[in-house]
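Student: Pasting a structure below so you can have a look.
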Amino acid sequence: MSEVNEATMIEKTKTEIWIDKAVIVIAIIMSCYQLLAANFTMLSAEQHINLHIAFSLAIIFLQAIKLTQTKDKARSAFMIILLVASVAAATYIHFNTTRFQMSIGRQPFDKVFSGAVFLVVILIATKMTWGWVIPVISIIALAYGYFGKYMPGIFYHSGLSFSRLITYVTTNFTGVYGMLASVSANTIVLFTIFGGLMEAFGAISTIMDAAMVASTKIRSGGAQVAVISSGLIGSITGSVAANITLTGAVSIPLMKKRGYPSEFAAACEAAASTGGAILPPVMNAAAFIIASWTGIPYIYIVAVGVAPALLYYLGIALSVYIKALKLGDEKVKAELLPQFHKAFGKLAMFVVPIIVLVVLMVMSYSPQKALFIAVFTLIAMGLAIELMDKSNRSPMDSFKKFITKVLSGFESGAKTVAGIAVCMATMGCVVEILTSTGLPSKISQFALSLAGDNLFVLAILVMITCLIFGMGMPSGSAYILAALLGAPALTTFGIPIIVAHFFVFYFAELSALTPPVAIGCLVASGLADAKFLKTCIVSMRLAIGGFVLPFLFLYRPALLLQGQWYETIWAVLMVISFMFSFIIAVEGFFLQKTTAFERVIALVGALCCLLPIYVLDFVGLALVAALIVLHVIRFNKNKVLVRQGAEV
């Protein structure tokens, strides 16, 4: 019996090895195809998206087969059926694209059947990757499309027959083939390949080393490691949970060792990692979606996003610095950390391709062309670094390691985008049904009637919508739904479209910090062995800039470059003054413990800087200046008294 079991185990191991190889080969082929397609027109737009989704489905189902084939034979067999069905449906649609396009308005059986099969496998793949929430929302949207004629009030529409509904969201090449899937197939995938190569060449460890070295230059350095590294790595990964897992494993123990409370360490990591999703140039793929949705150039979206993202991180950094002063945290000892020239020398390898990317987009290159060139710049830098690595025995040894890293980056990029692709396809189905039935405009009118003529009330309603959507789904999906239903209400009120989308985007991302779900705080509190709810409260306090900025976008649009340059500078100054005063008021500490009177001045000054009234702006600045002067005078006086006491 033992021999039989041993043979079975060997056979299972062989099966897993073959599945692994198949996934790797498909992922590498997908990445190579996507890079070629970025520079050369190889297929029609519809066929390109179809192939992108087909590659993604194959990767997801093959990985599922590997996980289930030793534990659950029935489930493994079902995964094989789904794999075959997805490949068959995608292949059939690929070779009948032109005929299906010519038959729009008609629903022949094969068009309906192939579309239905493809839709089902996409929904199942989305459930396997992201959980039940997104596919359930899609199913509700499909049901709404079918049963619309039975709906009351603003939800009423004429309804779609089953065949029209299926073809409408699939083989008419809208819905799952729509704008969101196009963004995934043309732009997001190139960024995931770029990020995969960054990771394969050691970007994450290099960024961590550079952040650690930078931490030796300032007090609070132990905590600033989380702020710096989480922001930079988060802009690559785009995932809050993954970012916390990667950087928190280093930063959280370091903070706890230096005397920071567990909840503060977890909250700092959660807030900093959440900020990575709003940091240009990727912005958790939202930059591409906003550009496609609004028609505003991608490079302008990135430029608009820079100042708010930096202000968000400045708020966290200020909070951490004042907390360090309060706890008496000193600089991290340099001898315990990587050498300066090694850390920052290798960092240059990753900075150059990013500079190339930004420069090309400023020169009006399309994101696809710019990314194509940036990817190969990164590959060239990787080859140069590998050839100069003295630990390699020979140039051939260096070249082999280089090829291994490139293929690993291609594999990682394709695996990452696979889940994004099916999610975008599923959300595309929701967007298509809701927009075709006119529901977003109806909801916008309803929200406007609730808010009356009060923009602040309307903004609160949209904010709550964003945070609710963010409870049960990835922040990117939450943004898509909230932008679909909430942004039109803001634009109807007269808010510029880019401001409306940034308002929605920020609150969708900040849902990672708000209970009851707060996925960012959940992961970080687990790593820090901290209390979840207290971590949420502290993280929201640290990220106060993120919660205030969206409202300031509405009342101070110059923060998003909607105005004159001096208005932008003034708006930035007021935000910095607000955050500085608010942090002092909350912490009760600056250079030393603040008095009750100083805390009142700080709080009133913060509120004056927050309100968009020029008279109050000057009052707020005067109060902040008075706070600093009074506190410094008292601090110096106490220092003199301490010195005199020591002399006695």
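Even glycines carry a Cβ here, placed using N, Cα and C.
Heads up, here are the entries from TrEMBL:
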- 22-43: transmembrane segment (TRANSMEM)
- 49-65: transmembrane segment (TRANSMEM)
- 77-95: transmembrane segment (TRANSMEM)
- 115-144: transmembrane segment (TRANSMEM)
- 118-562: domain 'TRAP C4-dicarboxylate transport system permease DctM subunit' (DOMAIN)
- 225-252: transmembrane segment (TRANSMEM)
- 298-322: transmembrane segment (TRANSMEM)
- 343-364: transmembrane segment (TRANSMEM)
- 409-434: transmembrane segment (TRANSMEM)
- 454-472: transmembrane segment (TRANSMEM)
- 513-530: transmembrane segment (TRANSMEM)
- 569-591: transmembrane segment (TRANSMEM)
- 600-633: transmembrane segment (TRANSMEM)
Student: Counting Cβ pairs under 8 Å that are 6 or more apart in sequence, does the total for the transmembrane segment (409-434) and the transmembrane segment (49-65) reach three or more?
Tutor: yes
Student: Over the domain 'TRAP C4-dicarboxylate transport system permease DctM subunit' (118-562), work out the mean pLDDT and round it to an integer.
Tutor: 87
Student: Are there residues at least six beyond either end of the transmembrane segment (600-633) with Cβ under 8 Å to its Cβ atoms? List them, or say none.
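Tutor: Counting only partners 6 or more residues beyond its ends, the transmembrane segment (600-633) has Cβ contacts under 8 Å with 548, 552, 555-556, 570, 573-575, 577-582, 584-585, 590-592, 594.
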